[in-house]
Amino acid sequence: MSDLVETLRTQFSSIFHDNTTVIIRAVAHDTAVCYLPELINIEQLNKFVLTPLQQVHWVPTSEQLKRYVMVGEVRTMESIADAIPLMMKGWVYVATPHTGVVVNIANIPNRQIGSPQNETTILGPMLAFNESLETNTALLRSSIPNTALHKEAFKIGNKRNTSVHLMYMTDQVEESCANIVRQRIQQLYSNDITGSSELMHLIQDNDSSIFPQMILTERVDLASHSLLEGKIVILVDGSPLVIIGPSEFTDFFLTTEDRYMGWGIGTFLRILRMLALLISVYLTPAYVAALTFHYEIIPSSLLVSLIESRSRVPFPPLFETLILELTMELLREAGARLPTKVGQTMGIVGGIVIGQAAVQAGFTSNILIMLVALAALGSFATPNYLMSSTLRLIRYPMVIFAGLWGSIGIVFFSVLATIHLIRQTSLGQPYFYPIHPSHKSSTLDQDVLMPELKGLTSTGHRIRKYAKSFRLSSLWTGKIDN
Amino acid sequence: MKSIWKMTGLILVSSCLLMSCVKTSVLEKLGLTVAVGYDLLQKDKLNVTSVLINPSVESKKKSEIITSEANSNKGARININNMSSHTLVSGQVRVVLFDDQLGKQGISVIIDNLSRDPFFGDMIFLAISDGSSNELLSHDYSQIPDIGMYLYEMLQQHIEDDWVPSCTVQDYRSALYSIGGDPILPILHKKDDSVEISGLALFSDDKVVGTIAPGEAYLLKLLQGKQKTDLKEISIDRNELHPFLLKKREGTVRVVISNIGSKTRFRLTSVQKLEFHVNVHMNVELQEITDHYDFRNPKAKTLLEQKIGKALSKETDRLIQKLQRMNSDAIGFGKVYRSTVRGSNLSRDKWHGMFPSAKIHSHFKVNIIRTGTTE
Amino acid sequence: MSDTDNTTQKYQFNAFMLLFLLSNVQIGVGIFGFQRYIYNESKHDAWLSVILIGIVTHLIMWIMIATLKKHESFDLFDIHRSLFGKWIGSVISICLMIYFIINMTAIIRTYIEAVQSWIFPDFPTWLLSLILLVLMVYGSLGGIRVILQLSFICFFLILGTLILFYYPLQYAEWRRILPIYNTTMQHLLSGAKKMGFTIAGFEIIYFVYHHVKDKNKVMRYAQGSILFTNLLYLIIMIISIVYFSENQMPKTIWGSINLLKIIKYPFLERIEFIAIPFWMFVVVPGLMMLAWVLLRGTSKLFGWNQKLTLYGLAGVVFIASIFFQNRRQIDQLNDFIGEFSIIVSYLYPCLLFVLTYAAAWWRNRKGSKA
């Protein structure tokens with residue numbers, strides 16, 4: 001009997017390099033249980049594993065073990081090496097000299113299902129994903145109780161062995177997108193990832209673009225909406241964010257709340273967000289261009305106040321704007337790094353004090369302070385955090401070009417960005433298309449919710465139609481097509 | 001290897017782009033000219049007065065005046081530039097004045113040169129100054145901190161809802177280069193410590209040939225039919241209205257009407273005799289009448305309408321005769337002629353030969369739609 | 001990451017996209033100041049000239065598509081080869097490509113001229129040329145998809161610009177358009193001929209036709225696109241006639257920009273300072289389309305590598321565009337293109353049409369004899 005314990009002990013200590021990680025306890029007749037004590041539920045161990053095993057007075061076979069242990073998930077394991085990955089997840093290894101089974105009585109520390117912290121809405125469900133893959137999958141399954149909801153499981157990385165789930169509606173999804181995701185995830189077998197955002201960067205079409213090509217969300221309703229639209233949802237173990245793809249540029253400016261609001265308010269909010277996009281990208285560059293080159297376009301009513309506010313500023317407008325934009329960014333970053341309460345105070349104090357003092361010291365003009373604040377506000381109105389960071393980032397080249405070549409610079413960069421966006425793809429689907437090359441049905445439905453379109457058909461529907469009519473081609477490979 | 005080439009190319013191109021600088025014109029380093037005045041000195045010399053915005057916050061005076069003499073407009077600009085601490089630019093010019101001497105000599109060369117420069121807008125107001133424009137612009141008005149903006153706002157306001165016809169560069173050039181039609185510009189007059197619009201200058205081609213008073217200008221703008229006009233005072237002989245006047249006396253009744261909507265139609269009734277008919281249909285609101293008038297009688301309104309119409313057409317006939325005497329077709333009868341007569345091959349000179357001998361009749365049909373809130 | 005599945009299939013698009021593509025290639029820099037050239041010929045009846053050339057364009061488009069239908073899925077380079085044989089066909093194709101290169105140069109140079117004379121008198125020619133070419137190269141690398149999408153955006157930009165032309169209407173004197181038809185047919189025709197540089201560009205249907213998926217709808221959308229262009233030109237022409245007076249128009253080099261000069265908003269004045277740079281959005285897809293045609297030509301005739309050809313092409317156009325020094329030379333270039341585009345876009349398609357049907361007839365007779 002103690003032979004078994006001794007062999008197990010030597011085996012485990014050679015794997016774990018110590019004797020304390022795994023607890024090995026002999027039970028009854030030539031049977032031992034091995035487990036990592038932090039990861040299991042001791043009560044269940046006593047009740048459902050140890051108590052029944054006490055009654056075994058012979059050397060049991062694995063079939064007999066399975067029958068005695070009163071736990072749902074039991075698997076036969078031939079060797080310890082096979083059992084270890086599961087033991088690391090809270091399974092108990094029940095060993096006899098000839099065979100062994102693993103029993104799942106895991107109790108992994110986990111967060112309760114909470115409400116969304118970062119993507120808050122006023123209306124709509126208050127359900128957010130958490131770090132457990134099982135919980136997340138369960139949340140999606142319960143929100144779409146349909147057999148068409150298909151799940152594929154993958155393992156990534158040779159150290160962490162992270163589980164990744166791919167979910168989609170079999171009757172809605174565009175098969176080529178699913179193939180691309182599958183293919184890309186399988187190529188990642190050796191990458192260890194810590195979260196879904198890392199995975200997103202690894203599998204997106206063009207990683208050198210600063211525009212996010214897939215949506216990361218913590219909201220269950222957004223993910224299930226997207227599933228119903230025919231998109232693919234990727235869940236990663238240990239990450240409270242799921243990846244939704246393929247996504248279009250305009251998807252980043254939509255929230256599920258638009259649908260809950262009804263079409264009138266929803267449409268208004270979407271238009272407002274588009275306006276915010278334009279404001280956040282163009283406002284400060286326009287200021288720089290107008291003050292550096294195009295004084296003619298300033299109307300008479302603004303002229304005098306602009307001159308007066310600028311007359312004491314020692315820097316050229318380009319420099320002035322860059323300083324202020326960076327200050328703004330600094331305030332945001334510092335506020336984000338500090339504990340919530342301190343961060344809020346600092347934001348207010350920093351904003352007011354620095355702003356006031358900068359104007360009084362003749363460092364910047366007060367009109368610019370207002371414009372920079374407006375532009376920042378515009379970028380924060382974007383629901384997607386990654387996209388709003390991108391918008392803030394592309395403002396800098398825009399400002400620089402505006403300072404170099406005035407309106408020509410602004411338009412140059414706009415055309416460049418537009419072409420860039422058109423050239424991007426998301427999981428092989430076009431990323432930015434104002435219109436579908438393939439069909440002419442209303443293109444406004446996703447930007448402007450029309451009454452009859454407030455259902456669930458928007459981008460996913462179009463993607464399928466698009467892909468079906470094309471079976472895409474050399475285009476997306478970056479070659480000039482023929 | 002390929003990506004290295006790509007990066008090098010990208011860096012080369014972008015550094016190339018970034019290094020090339022374009023000449024900047026930073027707002028506060030500019031001397032923004034708001035108004036310009038041209039005066040004619042002897043021997044074809046111009047005296048140019050520029051009103052600049054004074055950027056300093058502290059000073060009470062919001063504008064800065066620089067005067068220079070030169071042979072040409074651009075020459076003056078060069079001189080003025082030498083006198084200013086800022087680079088002089090013309091992109092914010094809003095008012096351009098010409099003194100009456102220059103007006104008599106012709107101003108189209110200067111205006112053509114203004115519109116040649118893309119930085120001058122087409123919405124700049126032009127005006128003739130009664131007397132030296134330099135004096136008008138450089139006087140230190142106690143009530144007006146910024147004369148340039150003040151003139152701009154004054155003209156704008158009077159054009160929008162008063163008797164001054166639109167006088168932008170576009171209007172001027174459009175009239176000057178049309179076949180059959182002459183420009184008109186308002187006259188600014190400096191009255192002690194203030195400025196007033198005293199009338200309109202009539203042009204024959206680009207030369208000032210005469211002036212008309214505000215009352216006549218009202219009719220002119222009405223006939224041009226493009227803009228809204230406001231109040232007009234009319235005198236009617238008491239005898240003509242006496243059936244409905246409550247008190248019988250000698251003298252005139254003064255009626256003030258406001259124009260609510262009018263339609264002007266020109267008809268060339270005879271090409272050989274060069275006979276025009278001008279029909280004006282006016283909807284008016286009675287604002288004021290200097291006597292007790294019996295509006296309760298329906299016939300009284302009709303009579304008043306007839307009399308107002310008659311008075312207006314009499315005044316209009318007088319105005320048109322004045323225009324014909326000066327050979328200034330400010331209303332644009334030549335355009336009517338050109339657009340109705342096929343193959344006329346009209347030119348400006350030809351029309352100036354024809355216009356004084358044209359027979360022009362005007363008819364007003366007035367419709368009083370309201371007499372205010374009481375009868 | 002890119003996918004390499006089914007690369008053999010050609011990219012095809014819906015006929016609907018032609019609506020935006022053709023008009024975008026047609027509308028470019030010509031629109032800045034086409035009015036006075038026509039006005040000089042047919043005076044205030046210039047709008048009749050615009051209608052005239054519009055109708056002719058519709059006819060020619062019909063002829064072009066009829067020719068293409070006969071050749072089924074060929075483009076113009078193939079048609080040349082099949083009609084004229086390998087050598088003569090290639091020579092004609094090369095001539096055509098040279099015409100396109102000159103056309104690109106003219107577009108770039110005219111745009112630069114507009115920018116320099118209205119906004120930045122001292123903006124370096126080479127720099128602006130480089131900016132346009134960088135955009136052209138970057139866009140062309142994305143293939144025709146980028147051109148299509150961009151031209152769709154431009155369509156709305158052009159519509160938006162059209163709304164701006166409402167403002168000059170407040171200064172309109174409608175009497176200026178009277179009496180209608182006060183000139184001779186000859187003048188009308190020579191006025192119509194002056195539209196050459198402005199209206200040309202629809203000949204690219206010869207090259208995009210076989211990329212269209214539903215070929216039976218091509219006629220509808222191509223004609224629709226041309227109708228849009230014609231209406232746009234007609235509207236601008238009429239507005240210009242009623243806005244500018246008789247002797248003012250011939251003095252106005254940039255008629256359309258002058259029309260915008262009077263627009264004023266409480267927060268913005270002098271719209272032309274914004275409209276001209278924004279027109280880059282419209283100019284760039286036109287350039288990209290021409291580059292695309294050229295690349296197809298060179299790869300078909302000589303089998304050159306498309307990417308390298310694109311860079312080479314950009315270099316050639318860059319050097320050619322900084323070669324022009326003053327306004328007179330640009331005018332001469334545009335006149336030349338105008339004359340030549342009448343030949344390329346109006347006379348040559350007729351010839352091709354006749355030859356195509358003659359050849360088909362000939363073959364039929366031969367076939368029936370044998």
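Cβ atoms are placed via backbone N, Cα and C, with glycine included.
Because TrEMBL annotations are produced automatically, they should be read as predictions rather than curated entries.
Feature list (source: TrEMBL):
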TRANSMEM  C:12-34  transmembrane segment
TRANSMEM  C:46-66  transmembrane segment
TRANSMEM  C:87-112  transmembrane segment
TRANSMEM  C:118-139  transmembrane segment
TRANSMEM  C:146-167  transmembrane segment
TRANSMEM  C:187-209  transmembrane segment
TRANSMEM  C:221-244  transmembrane segment
TRANSMEM  C:274-295  transmembrane segment
TRANSMEM  C:307-324  transmembrane segment
TRANSMEM  C:336-362  transmembrane segment
Between the transmembrane segment (C:307-324) and the stretches C:12-34, C:46-66, C:87-112, C:146-167, C:187-209, work out which stretch tops the count of Cβ pairs under 8 Å.
C:87-112
Among the ranges C:12-34, C:87-112, C:146-167, C:221-244, the one whose Cβ pairs under 8 Å to the transmembrane segment (C:118-139) are most numerous:
C:87-112
So which residues does the transmembrane segment (C:187-209) touch in its own chain, when a touch means Cβ under 8 Å and the partner is 6 or more beyond its ends?
18, 21-22, 25-26, 28, 30-31, 34, 37-43, 45-46, 48-50, 52-53, 56-57, 60-61, 64-65, 68, 75-77, 79, 103, 106, 144, 215, 218, 222, 225-226, 229, 233, 286, 289-290, 292-293, 296, 334-335, 337-342, 344-345, 349
Mind checking which residues of the chain, 6+ beyond the ends of the transmembrane segment (C:46-66), have their Cβ under 8 Å from one of its Cβ atoms?
35, 38-39, 177, 180-181, 188-189, 191-195, 199, 202-203, 205-206, 209, 218-219, 222-223, 226-227, 230, 233-234, 237-238, 241, 345-346, 349-350, 353
Per the 3+ Cβ pairs under 8 Å rule, pairs at least 6 apart in sequence, do the transmembrane segment (C:221-244) and the transmembrane segment (C:12-34) touch?
yes
With pairs 6 or more apart in sequence, are the transmembrane segment (C:336-362) and the transmembrane segment (C:87-112) linked by at least 3 Cβ pairs under 8 Å?
yes
